[in-house]
Amino acid sequence: MTSTFQTIGIVGHPRHPNALATHETLYHWLNEKGYHVIMEHQIARYLALHEAITGSLADIGQQADLAIVIGGDGNMLGAARILARYDIKVIGINRGNLGFLTDLDPDSALAQLSDVLAGHFRSEKRFLLEAQVCRGDVCGRLSSSINEVVLHPGKVAHMIEFEVYIDDTFAFSQRSDGLIIATPTGSTAYSLSAGGPILTPLVDAIALVPMFPHTLSSRPLVINGGSTIRLKFSQLTPDLEISCDSQIALPIQDGEEIFIRRSDYYLDLIHPNDYNYFNTLSSKLGWSKKLF
C-alpha cells in the first residue's frame, strides 16, 4: 500500500440508517486496503464492530493522519473544534443537508477518497475563533468555534445594549437582538442568514453582523482577522449568552465582558483536487448558472 496516510479515523454521530451504512462501508473498505483504522466508540457500538479499534476524538487526533467525518456540517463543527488541536487532516462525507464542510458525495465518496489517499488533494487551513468571559483581569469560561460566536439572549428574544471595541479602540455601540461574529468558514452559515457578507475561506478577516439592529444605519463590518473584539455591557440584560457554533453556550454574568479573538488552532480541511469553492456556493445557495 502506497499512501500519504497510514492511520485513519472515522468520525460522526449518525442519525439515520444511511449514515450508519456509510460508516460501515467505509470501515470495511479502508481495512481491505490495509489502513490502520480507528473508529469513534459510539459508531463501533452502533454497528456492533467488536473487532474495531476504537477511540475518542482526542485519541483519533493524537494517533491518526486523517479523520473522515461522516454526517452534516454540525457533525463536522463538533469534531473540528477538537481535531483542530492536533496535527491531523480532516475531510467530510455529506450525510446531512447543506454540506458546506462535508463536501464529498456519499455515492462517489470512495472513488474520491482513493485519489485523496494517494495524495491528490488540496488543503485549506481554516482558523477558529476563541471566546472568553472575563471580569476585570480575571478570565474564566472559554470556548472555540469554527463558524461563529453569537451574542444573544438566553431565553426570550429582546433588545441588548452593548459596546464593541476593536483592539482596545471603541468601534460602535448597538441596540439589537444580538451580534454574530463569524469566521470566513462561518460566513455562509448563520451570518449569511442575517445579511452578512460571504468571505472566501482563506481571507484573513472576521465579520461582525448585527441581529435585528434598532437603527437603519447599522451594517455588517469586516475587520482584520488578527483583531481582538471586546463586548462591554453598561447595564447587563438578564439571561445573556455567548454561543459557539450553536453547540456550546457560555452564560454572561453582571460585570463580565467578552473577548473574541482568532484561536491559535487551525482546522486542516482537505478536498479532492477538483473541488471548486464557487461551484459549491452555486449549488448550495442556488445561484444562477453561467450564461455562456
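Glycine is no exception: its Cβ is also placed from the backbone N, Cα and C atoms.
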Completion exercise
Cross-ref Swiss-Prot: NAD(+) site Asp73, Gly74, Asn147, Glu148, His158, Arg175, Asp177, Thr188, Ala189, Tyr190, Ser191, Leu192, Ser193; candidate in list Gln6, Gln247, Gln253 matching that site is Gln247
Practice task
Check the binding-site residues Asn147, Ser191, Ser193 for other C-beta atoms within 10 angstroms of each C-beta and report the one with the most.
Solution key: Asn147
Problem - Cβ contacts of His158 (NAD(+) binding site) (under 8 Å, same chain, 6 or more positions away) - result: Asp177, Thr237
Completion exercise
When the recorded positions Asp73, Asp177 are compared by other Cβ atoms within 10 Å, fewest goes to Asp177
Handout entry: Cα-Cα distance maximum in Å, computed over every pair in Asp73, Gly74, Asn147, Glu148, His158, Arg175, Asp177, Thr188, Ala189, Tyr190, Ser191, Leu192, Ser193, Gln247 that the record assigns to NAD(+)
Key = 31
